[in-house]
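Pasting in a structure now, in structure tokens, and then I'll have a few things to ask.
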Amino acid sequence: MLKIFTKLFGSKHEKDVKKIKPIVDQINELYGPLQSLSDEAFRNKGTELRKKVRDSLIPIEKNIADTEKKLDNPDLSHEENEQLNDTLDNLRKEYETATASILDEVLPETFALVKETCRRLKGHTYEVMGREMVWDMVPYDVQLIGGVVLHQGKIAEMATGEGKTLVSTLPVFLNALTGRGVHVVTVNEYLAQRDMEWMRPVYEYHGLSTGVILSGLYSHQRRNEYLCDITWGTNSEFGFDYLRDNMAGTVEEMVQRDYYFAIVDEVDSVLIDEARTPLIISGPVPNSDTDTKYREIKPWIEQIVRAQQNLVASLLGEAEKTLKTKPNDFDAGLALLRVKRGQPKNNRLSKMLSQTGVGKLIQSVENEYLKDNASRMHEVDEMLYYAVDEKANTIDLTDKGREFLSKLSHQDQDLFLLPDVGSEVAAIDADANLQPSDKVRKKDEVYRLYAERSDSLHTISQLLKAYTLFAKDDEYVVQDGQVNIVDEFTGRVLAGRRYSDGLHQAIEAKENVKIEGETQTMATITIQNFFRLYKKLAGMTGTAETEASEFFEIYKLDVVVIPTNKPIARNDMDDLVYKTRREKYNAITSKVQELVAKGQPVLVGTASVEVSETLSRMLRAKRIQHNVLNAKQHAREADIVAMAGQKGAVTIATNMAGRGTDIKLGEGIREMGGLFILGSERHESRRIDRQLRGRAGRQGDPGESIFYVSLEDQLMRLFGSERVISVMDRLGHEEGDVIEHSMITKSIERAQKKVEEQNFAIRKRLLEYDDVMNQQREVVYSRRRKALKMDRLTADIMDLLLDYCNTVVKKFHEANDPAGLEEQVMRELMVEFKPDPSAFEREPYEKSAEELFKAASEFYHRKESDLPDDIMRQIEKYAVLSVIDQKWREHLREIDGLREGINLRAYGQKDPLLEYKQEAYKLFVDLLQEIEHETLSLAFKLFPITPEESEAIEARQRQQAINQERLVAQHKEAESAYEVSPNASVDSTMSMPGDEIVVQQPIRAEQKPGRNDPCPCGSGKKYKNCCGTNE
């Protein structure tokens, strides 16, 4: 029915393109006359356009600036402040509307200008990444359509080789005319620098400046790059700079400006594949015993894993023996189900699953035990030492496993069970024989015991995961004594990224490399919430249509499929399905041999480093020359890709998503059928498979693509094999036979859709959790920025003082304790206030509160008059910033702890998300109260220091600046929707972070100390008598 309607009325994408066609016609009309202009007259056109845009926006910008200046007035009443803020909000909305209006007006003329600029650059030679490149590009009509779509804040899906990089110049140029800065986001730094150097001539022709953010740049260099009209960089660099700006100690340390317009290249990779990995700036946890903890427990885990492997081997042997005589035996099926629960990646089990009827038998046994809400699944698991749920990525110790570990560790089995805190605390409260002090002590013991056991069980769980669910050269590689995660979507090593929640340390212990210390979160934001900061967001990719609903639901981004310049001539064949991996690999090598003999180039796509190296060994055995491109050979990437389209070339590459380089065909290859794409297995995401197919058939070139699949592949094993196995069983397939049918291909795509839906649910859930933090982050960062710019600080402190006076007086008035009030006010504000005891009891508390406010404000104003104005403002700024930074870090730690355990609330029939929102709100209310209280106290108590104290503090600050090198920015790899940040305690020494947090090259904290200065090592001696003795 849907197909009939589409035929009658056209698809959504056809309608989208049809609406833009008149704009394209208008661009081409304006393009013609520009060709006859002289260079000078043509350049003047660009200047005129820029002036036209700026002139239309300057009046509103002036109104905004004037309103902001009025808000700086410390004498404003609360009502006046509110009115001005409302006016400012309306002016900003008006500014965005005016910007959109003027840009739409000049769009046809600007796009025509860019097109003519490209024509004039034809034949010119430029250096791009050290290579000479001749400019030969002028936008086609379909590229103009793509440019309009991007300007409208949508996602343009364009096939590989259709010139996405050139398309981006059109909306980037147009939006850069505003002078507000445009950000172009790429998947890696190589592409950021390459695209900047490649497209720079178009922008520089008309005086627009270009910059690129690279990981090794210092703050002042970054600031200069952000001040350019157009700035390229990776999503993580832009995100980390946002976090660092919100940790800055001065306005001068901040590097970014307005978040106006961002175009995200490979938008699906950035906004979907990386959406589960939050950006985290973390610092070391002092006195962490991570290394000892993992090393101590590791031998126990190795023994329990070996015991489970022996048990699994025994169960498999029994099942194999029974199935020879009784093919449908229930007990044999139960044994195999236990093997599946105990060691799901077992090779012998994978081979047995390819036998007729075995998969069906295991499924029927599992269905039997899953009845009545899986009430009998414990009977399956009780024989095992631990049960593995591969789909959920979880491992549970059984009673048998706990008993095994208690014998190994010579400790009570109860040590591997968490105490029921609630019931134990209730029992203590109900015990009438205990004194109040004894109750407090016993409760503390219960909480301590829970924390210790929880920590040990967590370490055991993470080590078990490391040994059973994470394989070397698949999920990670070990290079130079470090465990590096491999991106499952691109096959690249993710430098600097770590698994969260202790899993990375567990893998380091397993691989016998140095175990890095635990970290604490200093600042964090998810990719989703960072990109929501932009007023306008757009993206381009070759594959977005399959995720269109997610793009719209999460980011409110519409997807428009742009037609190709020439029809796609690639032949996409149905999948070939084999029973075992061995059969599949043999078939792949035979096919490669056949293609080499013919001279047709072939690209073999693999899902892991391990598979790429296995196929490489098999091809070497057949003496077939080939190149391998995976996480271990990434340095040769550009050269390998450049040769992949030549005659007889064989290239094995882990997932080609995000490679960013087109494979151009050599001479005579078109006649052979073009590039042959051979996928060695289906990926979890249809999008990644489409990207691999898209490497062939660029710009109307011929090409072929096919996937070879086996029932032992991860996707088939977890989600898709039952239906396919039953089909193969009915057809009576023997070893070595292959099945090829569109029904099988559709079945595999259904399995992929199932996984995509599951992953979307996880990303959506993560966002729902982070939305709670996002609202809190916005409030805290907004207060911090206000303090950094020293906006109305004195007036705010007076507001805090008024609230404080009312709260504290009311508290002591109710208790009739004037002496207590006097003592607390002196301790917290250093203000002498002695209320008359008889009047205090007789009169309403508001009168005493008024008297206290008068006394405290007089004290504060005396302090102001005694100190220079700039010193007083610095004291206020320091009071606000230092308290916010310390309390925010403590709050992040508490939120980490809350998020870690909130899932357990589901066992009590409670919605974990709702519980999380309620608990997080309570924590946030407490945070704001603490910030206000301690800020007020610090502002009153801080005074300038003597020269001698100054010397000692400077020495400490120099040491602290050196300690800053230990802070790292990490794009954290999340295990699941709820495990996205490390569990760490607070390092109170880091109260005022500076700007050089991620250190890619050596940093000098400041100038070398003088000979009579205190030594920066913190010894207290003079530099000449300590570290400077040899100079």
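Cβ atoms are placed via backbone N, Cα and C, with glycine included.
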Any idea which of 35-55, 392-412, 1001-1021 is down as region 'Disordered' in Swiss-Prot?
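Range annotated as region 'Disordered' by Swiss-Prot: 1001-1021.
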If I restrict to non-local contacts, at least six residues apart, and a C-beta distance under 8 angstroms, what lies near Q143 (ATP binding site) in its own chain?
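Set apart from Q143 (ATP binding site) by at least 6 residues yet with Cβ under 8 Å, we have E162, G163, L166, V167, L170, N565.
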Taking the Cβ of K164 (ATP binding site) as reference, which residues of that chain separated by at least 6 in sequence fall under 8 Å from it?
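The answer is G146, A156, M158, D265, M540, T541, G542.
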Out of G161, G163, which of the binding-site residues is least crowded by other Cβ atoms within 10 Å?
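Least crowded of the binding-site residues G161, G163, by Cβ count within 10 Å, is G163.
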Select the most exposed residue of E162, T165, where exposure means the fewest other Cβ atoms within 10 Å, treating these as the binding-site residues.
T165
